[in-house]
Amino acid sequence: MEFQKSPDGGWGWVIVVVSFFTQFLSYGSPLAVGVLYVEWLDAFGEGKGKTAWVGSLASGVGLLASPVCSLFVSSFGARPVTIFSGFLVAGGLMLSSLAPNIYFLFFSYGIVVGLGCGLLYTATVTITCQYFDSRRGLALGLISTGSSVGLFIYAALQRMLIEFYGLDGCLLIVGALALNILACGSLMRPLQTSDCPFPEKTAPENVPDRYSMYNEKEKNPEETMNFQDKGYSSEDKCLPNGDWGRETSLPKSLAIAAHTKEPETYKKKVVEQTNFCKQLAKRKWQLYRNYCGETASLFKNKVFSALFIAILLFDIGGFPPSLLMEDVARSYHVREEDLTMPLISIFGIMTAVGKLLLGILADFKWINTLYLYVATLIITGLALCAIPFAKSYVTLAILSGILGFLTGNWSIFPYVTTKTVGIDKLAHAYGILMFFAGLGNSLGPPIVGWFYDWTQTYDIAFYFSGFCVLLGGFILLLAILPCWDMCNKKLPKPAVPTTFFYKVASNV
């Protein structure tokens, strides 16, 4: 199916607005789950590691299921998937208000809401790319800030709703707000297909005889009509078994031919269908082999291999602060009256700023995007190691802002992937990297929570987080250093055969 040329405006700006609010409404609560995390600790009395699974699943499931999400969007379109996912997110949030234990939240909030968010992210990005070409970067940048603005607003909103209506009332109201995703999805008008005439229906006489099982009876109607002219008639007679039926008087040779040709035609068609199924299975197997071969070739690229390790370690260590920072402040005995603004809100607004500014920096030709990404990883690791030394609200707020800004490196990650594998392999490589990012999101907060349950302090937990991010940054830095290319150039070259080739000079 071919779509019209991207309009780069017009209704596309409506798509940008509704995609922004779709990400705002869907990701607002899961990204600001740190406010709910503190309440769940008090409500269910479970360990921090087990409780952290709720928020980590909500963020990681959508990334882990990104191939399935892409399949749904390509099969059904952005509008139906958005409306269906709106029901998933809203229903999951409302079900979470009825949770009797933490295990119920794993399903209702972690899996249902997480899967809905993953579907919505894929749908909004896909339809935005369809409507924009030359302004695609601007459009994607605008809609991606929806999740960061949602984190900023929902952190304060959920805290206020908990004070007035309790935890269950907060989840019910937030779930009701998520129903507005249905209205946003209804405005996602798909691009019309290119103006081309629909194929005409094939006339019965144009269908080859081999596709008709009973072609011997139908291909010569005049012969059938001549039966009456030749004196053959059909009369109602009582058949030998006592049933009444219509007995037709036909020549014996014609009746035998009809009965012998029909099974042969049927067998021929069965053989053709069997061969078609074999060819289809062979083709699918070849596609699977090609996919595995392309995946193996990607991991032969040392920079790509270092990149997947870096993104995995970055999400293991860098994601927990957005979930646990509120509980960190409480564990460091920061007074409630000192929390003038939720730390999660500061984290969210600075993430939006980081996405914008880092994206602008990546467009400068004199800046190497790979080195810029490595710099964000190393500074993030150092900031994580500094959290145990922050014992006041001001220092925690400063570190939250720094970590939020550096988390905005998600906006330059597609640039980094493109520079590593090329534009032709971008979709394949990006899907693999997003899978590992989802794995890191799912594992990071529980690991930090388990460290707290073991040591009763967040100090060792954030030292571990900082070490993971620093390790990933240095691995990627070593992979992209030009000294590796210099070493390869110094390797002895194979002996060149003593055969001379002469090329005729031409003026072409």
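Using the three backbone atoms N, Cα and C, a Cβ is placed for every residue, glycine included.
According to Swiss-Prot:
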TOPO_DOM  1-12  topological domain 'Cytoplasmic'
TRANSMEM  13-33  transmembrane segment
TRANSMEM  53-73  transmembrane segment
TRANSMEM  80-100  transmembrane segment
TRANSMEM  102-122  transmembrane segment
TRANSMEM  137-157  transmembrane segment
TRANSMEM  164-184  transmembrane segment
TRANSMEM  303-323  transmembrane segment
TRANSMEM  341-361  transmembrane segment
TRANSMEM  370-390  transmembrane segment
TRANSMEM  396-416  transmembrane segment
TRANSMEM  431-451  transmembrane segment
TRANSMEM  460-480  transmembrane segment
TOPO_DOM  481-508  topological domain 'Cytoplasmic'
CB contact flag for the transmembrane segment (102-122) and the transmembrane segment (53-73), at least three pairs under 8 A: yes
Distant-in-sequence neighbours of the transmembrane segment (341-361), which means Cβ under 8 A and at least six residues beyond its ends: 31-32, 34-35, 137, 141, 144-145, 148-153, 155-156, 159, 321-322, 325-326, 329, 367, 372, 376, 396-397, 400-412
Remote residues contacting the transmembrane segment (396-416) - C-beta distance under 8 A, at least 6 residues beyond either end: 141, 144, 148, 307, 311, 318, 321-322, 325, 328-329, 332, 334, 341, 343-344, 346-359, 361-362, 369-370, 372-373, 376-377, 379-380, 383-384, 386-387, 390, 426, 430, 433
Other parts of the chain folded back onto the transmembrane segment (13-33), taken as Cβ under 8 Å at six or more residues beyond its ends: 54-55, 58-59, 82, 85-86, 89, 93, 109, 113-114, 116-117, 120-121, 123-125, 127-128, 131, 139, 142-147, 149-151, 153-155, 157-158, 174, 177-178, 180-181, 184-185, 187-189, 322-323, 344-345, 348
Interface-richest range of 303-323, 370-390, 460-480 toward the transmembrane segment (53-73), CB pairs under 8 Å: 303-323
Region pair the transmembrane segment (303-323) / the transmembrane segment (460-480), three or more CB pairs under 8 Å: yes
Ranked first among 80-100, 137-157, 460-480 for CB pairs under 8 angstroms with the transmembrane segment (164-184): 80-100
